[in-house]
Amino acid sequence: MGDLARLPLLEKAPTTHARLLAWVEEVAELTQPDRIHWVDGSEAENKKLTDELVEAGTLKRLNPETFPNSFAAFSDPADVARVEEQTFICSENERDAGFTNNWMAPAEMKQKLRGLFAGSMRGRTMYVIPFVMGHLDAEDPKFGVEITDSAYVVASMRIMARIGTDVLDRITQTDAFFVPALHSLGAPLEAGQADVAWPCNTDKWIVHFPEERSIWSFGSGYGGNALLGKKCYALRIASVMARDEGWLAEHMLILKLTSPEQKTYYISAAFPSACGKTNLALLDPTIKGWKVETLGDDITWMRFGKEGELRAVNPEAGLFGVAPGTGWGTNPNAMRAIAKGNSIFTNVALTDDGGVWWEGMTEETPAHLTDWRGESWTPDSDAPAAHPNSRFCTPIDQIDMLAEEYFSPEGVELSAILFGGRRKTTIPLVTEARNWSNGIFMGSTLSSETTAAAAGAVGVVRRDPMAMLPFIGYDAGDYLNHWVNLSAKANPERLPKIFLVNWFRRTAEGGFAWPGFGDNARVLKWAIERLEGKADAVETPIGFVPTGESIDLEGLDMTPAEVESAVRVDPAEWATELASIEEWFANFGESLPAALQSELDGLKTRLG
């Protein structure tokens, strides 16, 4: 075992899984950690790790009366978001990565990564985290093992995924396939060298090898770059698995809607980051008799059931939400879940009484805070107190409105799929697709103004197909074709209806054309009534939109004429939009599905 005599925990590994042991040994030899710890996921282990993180200054323990068993972390200012320019899909063939992904030949990338990872865990503990995405007792559980040198990652993964001994035992007993997910902060400690509160490296690489189903992440301790079960596995690698196995891994919420007649419907919805996905998943309806429960706020895996129905499951165990804008006024259900504790906050502000705060959390701004950079802050300060991409990480089972179906490995049958972006003009409040193919066209041309969740310019309109642009693990044209072709597996009577929504449309005066938040239930109600054949609509060149009277406005200070204005299809705006869509589709070249070209041609004809 070479130099591994100094790694005593390897001999006492709690598994006999040959591939796993060989991989752990290979990584230990490469990264040279001081010790190896197999994560069991227990309370005692979590307490020990969080105590150590508090002592190291990585975590700050919050006031136990207001935020029980909760902590705040503050990252290096250069490590605050996903790094899309350093995220790679290293497929064997460059064409399979497509134009939306960065690519490097796998052998060349592996050589580069081995150089970076060599000795990268020196002076640190190497944690081995067995995890499962979805349910352990699912028909086809999807396993992973993350190796990391960050205890913050262990504590966060414990919230976000099902981890620990039960998972490892199942991997061992069934000799299961697992996705190896390797993560290092890239901050080795030499003997006697003092650590910093947030170790990271200026050189960051987030790399996926789709054919071998593996992930290597170097240099970042932040969220999606480091919690590898999340975007890296559950979307980028899982989308490739889904392509090969005939299912879908999508950037979507799942909600359960119950009508006053006690009829239930399940809806999934795809929105780019910071477009209200968590708020919709945790919706408090403002219309009488309608009830919303949630099954998930970020990632949905969908498969066809035995009768050709499309079924959805949330593979995650926690919420990893953008904090700013989440407040008692806008999302009380999220706030109640957070108030139960057991949460980790990253890059929020601290109140003087040991609590946390961020923009939009309360109506009144505290008179004094410590901002996310550790500086004294008052409402007169120039910069926001919390980073725009600051996060809360909270167990999903703390949500009072969690639907019991969340715990079902079979998932739920979808009645509708929503696609939504953030556009000030052009896109109506809600549009019903003409059919499945037209709905995929809507999803493929989804667009939004960029947000703080990704590093780079803010406020530029970018196309974001199915809200998956940063997360498609293979060629984007092949991905859209996979969506188109899936309908062949479906029972056409049971295919979900597709709708395009835009909560962010502005009026001519510059205000929002729609109140949003809890009132979005009124749009969901219209969509459900369309499924049931009960609501009126107007046919437009882009699809069906509500009549002014068909949206329930009871109790809302809004007129049918204002609804008509919010769903108006403006020919001049759509002439510009058509040109923009043509430019977008040109990127796909040969891989653009013929069905989508024909949808575009049809739209052109209808717009005249």
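Cβ atoms here come from the backbone N, Cα and C positions, even for glycine.
Mn(2+) binds His251, Asp298 as Swiss-Prot records it, and from the list Lys231, Lys263, Lys340 the residue named for this site is Lys231. Annotated substrate binding in Swiss-Prot involves Arg82, Tyr222, Gly223, Gly224, Asn389, Ser390, Arg391 plus, out of the candidates Ser273, Ser437, Ser444, the residue Ser273. Within 10 Å of Asn389 (substrate binding site), counting CA to CA, the recorded positions Ala274, Cys275, Asp298, Phe517 contribute Ala274. Within 10 Å of the C-beta of Asp519 (GTP binding site) there are 20 other C-beta atoms, taking all protein chains into account. In three-state terms derived from DSSP, Lys231 (Mn(2+) binding site) belongs to a helical segment. A strand conformation is recorded for Arg391 (substrate binding site) in the three-state DSSP classification. Here the Cβ of His251 (Mn(2+) binding site) has 25 other Cβ atoms within 10 Å, regardless of which shown protein chain they belong to. Under DSSP, Ala274 (GTP binding site) is assigned to coil, being neither helix nor strand in the three-state scheme. Taking Cα separation as the measure, Cys275 (active site) is nearest to Phe517 of the binding-site residues Ser390, Arg391, Phe517. For the recorded site, His251 (Mn(2+) binding site), the DSSP three-state label reads coil.
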